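Written below as structure tokens is the structure these notes are about.
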Amino acid sequence: MSSGSPRVLPAGSGIAEAAAVLRTGGLVAFPTETVYGLGANALDARAAARIFEAKARPSFDPLITHLADAADLPGLVGAVPPAVAALVERFWPGPLTLIVDRPAAIPPIVTSGLATMAVRVPDEPSARALIAAAGVPVAAPSANRFGQLSPTRAEHVVAGLGDAVDVVLDGGPTRCGIESTIVDARGDRPVVLRLGALPVEALVEAVGPVDVRPGSSGQPVAPGGLAAHYAPRTPLRLGTAEPAPGDGGRRGFLAFRERPAAGDWAAVEVLSPEGDPTVAAARLFDALHRLDAAGVTEIVAEPVPDVGVGRAINDRLRRAAATWH
Ligand code: TXA
Ligand code: MG
């Protein structure tokens, strides 16, 4: 664990300085529309290695490469299959990560030795400005220690990584709040490898039927694909607000739209009083970070309706719960 603090700069005015840090092999945490990323020059194997070190991330877990603009894709990877090109056209910039062949310019450490590479263009102006100013593709996983909650605020990054990161760009809370959807569209039918901020329904509408196989493909092991992941430090289980008999501890409740009418809850977080899964996704990790800090002995989380981005929320909650069982 690092004890010191990183330099925190505003996401607007800090870009030139942060870009210089990236160019010289440093680590910059920056906001995207999904979660904060921990960025390094994707062309520089030593810089990429620092990401794995800072996150205590296993080397078998490949990174996502971020580009400033969809127009930069051909220059890096050459031609892509038509279905991949169609998804780029339709959803970039946006919370969709696509699988392509790894180009020779990207060192194998970035893809954990895989012949493929995950790539996306974030829909956040400061992120795109940062990548453009750095002038290199930026490898960036979520800016949290491996297995822990993803950061949706600069404060989460500072608390989690300390001075293991050189600079944190603070752009306030992220808009989507959960990670990008990862799709491999190189074969006959696109495969969703990780449920995320772009709903499956939107993919189907754009390209027809897709297979949803989060984490089932064995290799690579996606962080989002590990059975146990996205975990708060406090034990979490899925459940309802019915008081559990004989339970004496201080418990926290994560509600979808309504505060529990009864029960002895030490802390309650309501994700979306209006019952909107998109709003709930934007607040999910922030609410879990707060419950984690509330000194409760257990977090009970209520599943949300399993449609749209709600599927990705439930996926995150199940994986968080799996850490404790
Ligand atoms: O929204 C996001 O995607 C955020 C922001 C920062 O862009 N990034 C993010 O990165 O969530 P991370 O490292 O937490 O998750 C990256 C995921 C992992 O599950 C990894 O295994 C998968 O991408 N991945 C990377 N390269 C892959 C590949 N070649 N094939 C399949 N999955 C891959
Ligand atoms: Mg992650």
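Cβ from N, Cα, C; glycine included.
Counting every protein chain shown, the number of other Cβ atoms lying within 10 Å of the Cβ of Arg120 (L-threonine binding site) is 26. Secondary structure at Arg120 (L-threonine binding site), as computed by DSSP, is strand. As annotated by TrEMBL, L-threonine binding site applies to Thr34, His66, Arg120, Ala140, Ser142, Ser180.
Taken from TrEMBL, the feature ATP binding site applies to Arg57, Thr116, Ser150, Arg194, Tyr230. In the three-state DSSP scheme, Arg194 (ATP binding site) falls into the strand class.
Look at TrEMBL and you will find 12-198 tagged as domain 'YrdC-like'. Model confidence over the domain 'YrdC-like' (12-198) stands at 97, taken as the mean pLDDT rounded to a whole number.
Of the recorded residues, Ser150 (ATP binding site) and Ser180 (L-threonine binding site) place their C-alpha atoms 12 Å from one another. With a CB cut-off of under 6 A applied against ligand 2, the binding-site residues Thr116, Arg120, Ser142, Arg194 are reduced to Ser142. Each of Thr32, Val35, Gly37, Ile64, Pro95, Thr97, Pro122, Pro141, Glu179 belongs to the same chain as Thr34, His66, Arg120, Ala140, Ser142, Ser180, is absent from that list, and has a C-beta within 8 angstroms of the C-beta centroid marking the L-threonine site.
Listed in sequence order, the residues of the same chain lying 6 or more apart from His66 (L-threonine binding site) and placing their CB within less than 8 Å of its CB are Thr32, Gly37, Gly39, Ala42, Val119, Arg120, Val121, Pro122, Ala127, Ile131, Pro137, Val138, Ala139, Ala140. For ligand 1, the neighbouring binding-site residues among Thr34, Arg57, Thr116, Ala140, Ser150, Ser180 are Thr34, Thr116, Ala140, Ser180, by Cβ distance under 6 Å. Tyr230 (ATP binding site) sits 11 Å from Ser142 (L-threonine binding site), taking the Cα positions as reference. When the alpha carbons of Thr116 (ATP binding site) and Ser180 (L-threonine binding site) are compared, the span between them is 17 angstrom.
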